[in-house]
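Listed in TrEMBL for this protein:
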type	residues	note
DOMAIN	1-136	domain 'Lon N-terminal'
TRANSMEM	93-119	transmembrane segment
REGION	497-526	region 'Disordered'
ACT_SITE	S657	active site
ACT_SITE	K700	active site
Amino acid sequence: SLCRIGTAALAVQVVGSNWPKPHYTLLVTGLCRFQILQLLKEKPYPVAEVEQLDRLEQFTNQHKSEEELGELSEQFYKYAVQVNCFNPMYQCIYMYVWGFLSVSYLPFSLCSLIFFNAVRLEERFKMTIPLLVRQIEGLKLLQKTRKPKQDDDKRVVAIRPNRRINHIPSITEDEEEEEDHDDVVMLEKKIRTSSMSEQALKVCLKEIKRLKKMPQSMPEYALTRNYLELMVELPWNKSTKDRLEIRAARILLDNDHYAMEKLKKRVLEYLAVRQLKNNLKGPILCFVGPPGVGKTSVGRSIAKTLGREFHRIALGGVCDQSDIRGHRRTYVGSMPGRIINGLKTVGVNNPVFLLDEVDKLGKSLQGDPAAALLEVLDPEQNHSFTDHHLNVAFDLSQVLFIATANTTATIPPALLDRMEIIQVPGYTQEEKIEIAHRHLIPKQLEQHGLTPQQIQIPQVTTLDIITRYTREAGVRSLDRKLGAICRAVAVKVAEGQHKETKPDRAEAGEGEDCKEHVTEDAKTESISDTADLALPPEMPILIDFHALKDILGPPMYETEVSERLSQPGVAIGLAWTPLGGEIMFVEASRMDGEGQLTLTGQLGDVMKESAHLAISWLRSNAKRYQLTNASGSFDLLDNTDIHLHFPAGAVTKDGPSAGVTIVTCLASLFSGRLVCSDVAMTGEITLRGLVLPVGGIKDKVLAAHRAGLKRIIIPRRNEKDLEEIALNVRQDLTFVMASCLDEVLNAAFDGGFAVKPRVERLNSKL
């Protein structure tokens, strides 16, 4: 396996390391070439008898001048120059032409590119000259067949005469420079004919002048060229024409989304104003609501209604301001921000931008993206938005920005002040049923290849799915449950089609099973029926309660209100979460002790303060309400410990809304009376017994309605919030307006809560 000719060398330096694995670097100095005469042994290392061929210090003495080779040297020079004209890849020929390399070394350098061995210089000249001649002929032939103009990425393929090396020769430098110059000229023409602003045009022309003087090999050349191409592609004055027909817009919005009247009203108002004023700035809207209520999809529908382009920007987890403003061009790999990149993608300057999950922006050492959005979402500033990558102003005033969030608590106040907040509450049961049968079920049937003639889901079944298998403000879980039902039906349909196609079934004449029956009950069949599994299912397949249990399993949620309120010391409160409204049980118990109050359930500071307020108010009014501890004392904490617990301890709870619930729970505990099982309540309390208003009334009322409660106690000052609730929900519920805790206790207990009348003492004037 050893080569016949090698090079003898002297080891000068050895550098090595044993980590992560042994490796060494050897520095050697070449002495001479040698030829193997006889291999003596191979192990542990090869030993051979060699013959010295030449020595470097003697080589220059043997050939002191180029004239000794005479005609061979001149002939080689002529052909080498010709090859260089076709292919400049041979650096040795370049060096020879410019006088950096002696002709004595030239054939050695050239032959090193070709695999053959020749010792004497004269032999090398004689072997390389024919190869050069054949190479010149091949390059001439390829040059004739090549097209006059080629792109930069096209190359001519030439095969070397020895058939052992394949090489892809490039076009000449003059052609490359000429084509690059043409591209720069075309780019300059595009810049001058574009509709960019005067400031941007001035900057681009300045960069074009720098680009013309800049060598193509410089790293800044590609960066500058990409910047100019981006400036040309941006839609400076290109826009789409809005569709301003209000009637058509109302029909389109009603077809795409059920309910959401407030959102639809705001879009129609924008269209009406746009009809009266053409240069209206784009509004900054923010849809706030629980997940799954359609905030993102309604943004897409708004773009469809207006006839505009739609672009979604996901801001969840973004913690670098460069994602909004872009990177400065001084950095390697810099790029524009998501706003400018989105405009480049849509190609117009008046799209609908959806800033999704704006409440989940992060913050890091790279800056605060929420602060960078202040300029974007300010109608008084975004007409001259400056991206760090562009470094020129761009007009964003025609862009319709729509932000979505689950809560406003995590949005900085300065950013929240720049947006028009539109609350998107959860859906009622009736709205969910309509959404399911108008949108979700047809979508699932289409996705699973089913038809309405194959599956039937009554509204009663949909109501069971909503109440017993999902408990949410939106419809995402409902959509997933409907998808599971469609998959189960698809299995039955596929199995039935497979059995119908069998020959024996066809010969048996079982196609008569597909005939229509007289009664409607005979047309439908439940998946859970214990019919003959060998027969194909009758169509349509009816989804009833038994089928739900087979497909989705046992119900996940059961009505437990009456069971939980079967003993004193339990009350139902209403809480608001980013996922919608929820009912919340409050439990209390007392035992002998030292007058301590224990709070459990992962409560926040505000809720802990509400508990202390409640026990203080009850202690100060114990005689009035005839509340005593186990020993009959009006001091409720005398030798008595109280434990307040909020179930679902893994969930963090905070807020002032549980104040009236805690008071009612403790009053039930000390009076021994049961709280009405169909009553839920919410409201903040004061030390004087007043009930203050709270937020999230609509979500809380919808949560109570989902749980089957009938009466709700709310602060009197929240009465105005009931107008946002659907009429059918208000008709199913009874609302009790309370301004003080006396009214709350009278409404929470059957027959009211007895209060000892105050005896007025008359003082004689004598």
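Note that Cβ sites are derived from N, Cα and C of the backbone, with glycine treated the same way.
Here the structure is a predicted model, which means the values were calculated and not measured.
A gap of 11 Å separates the Cα atoms of K700 (active site) and S657 (active site). Residues belonging to the domain 'Lon N-terminal' (1-136) score a mean pLDDT of 71 in the model. Its Cβ placed at the centre, K700 (active site) has 29 other Cβ atoms within 10 Å. All protein chains considered, the CB of S657 (active site) has 28 other CB atoms within 10 Å.
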